[in-house]
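The structure appears below as structure tokens.
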Amino acid sequence: MSQTRLFSLKMNDGFFMPMLGLGTSAPPQVAKSEVEKAIKRAIDVGYRHIDSAYMYQNEEEIGRAIRMKIADGTVKRGDLFYTTKLWSTFFRPELVQTCLESSLRKLQLSYVDLYLIHFPIAMKPGEDFFPKDTHGNIIFDTVDLCTTWEALEKCKDAGLAKSIGVSNFNCKQLEMILNKPGLKYKPVCNQVECHPYLNQSKLLEFCKSKDILLVAYATLGSDLRKKWVKKDNPVLLQDPVLNTIAEKHRRTPAQVTLRYQLQRGVAALAKSFNEKRLKENFQVFEFQLTPEDMQSLDGLNRNVRYFEEDSLSHHPNYPFNVEY
């Protein structure tokens, strides 16, 4: 069963994004070999949208899995939609293509389908992912995000990325790009934390008004082993309202949460390396939630964020994707 066109959303540049994607960010305890196995399993199940980033440090394994699935005839490169992201230490315009080329070398691919600005926060260039001063504070960089965006446009023109977009941007930051003099390409999407406890309704409304897709990460809550995840938040998949709806449809809470996003016109990333859950999550196309279900799930919103990073808290663009 192919996702390619039937279960895809058209982006503002004419390309299509499969509505359900596989997230690949994993805590350090998870072996990189597990990522490779998960990608192969996911492609076999039917996933065609794979989301990663320079910062996840797993692109060699992902590239190997993709090439193996192409070599055995399961997919062609054109069937797959692969996303990578520009890390914050590469925001200076002259470094933007360098970061993408590094990802492409690791992947051993000639292009990515989507290249995103990972966060609206620039950090000091260099080898460290989180450059720090002698007091342990992150060293930020002063870069105009509009110049970074122009460099992404050049990556698209060079054929290294078919589409370009942003991640963790709020309405104000999106407007800054959209109102930039000489804008050549609009962002095709904004990838943000989004789930029933943080439904991003205002940001979704804004993005739709600008023909920008919203892509949801942390759709199922998040893995508490990850460094940036708050440990004291309620567990989304244990929510009683969510579980009642799941029981009614004879589905899992995860399936209901994913289906909720798809019915809102939001592309959803689900991260699981477990074969059973990979299959279950892909079955979201086999049922539909009622308008009453959707209303009940909308009612769960409580602006709970799973992703928080105190070390970035003194930057003016933090917290990420607060709606305005």
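Glycine too: its Cβ is placed from the backbone N, Cα and C atoms.
Since we're looking at a predicted model, the values are computed, not measured.
Feature list (source: TrEMBL):
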ACT_SITE  Y56  active site, proton donor
BINDING   H118  substrate binding site
DOMAIN    20-301  domain 'NADP-dependent oxidoreductase'
SITE      K85  site 'Lowers pKa of active site Tyr'
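In the shown protein chains, 20 other C-beta atoms lie within 10 A of the C-beta of Y56 (active site, proton donor).
Long-range Cβ proximity for H118 (substrate binding site), meaning a same-chain Cβ under 8 A and a gap of 6 or more residues, is found for A53, Y54, M55, K85, L86, W87, S88, S167, N168. Other Cβ atoms within 10 Å of the Cβ of K85 (site 'Lowers pKa of active site Tyr') number 26 in total over all chains. Across the domain 'NADP-dependent oxidoreductase' (20-301), the prediction's mean pLDDT works out to 95.
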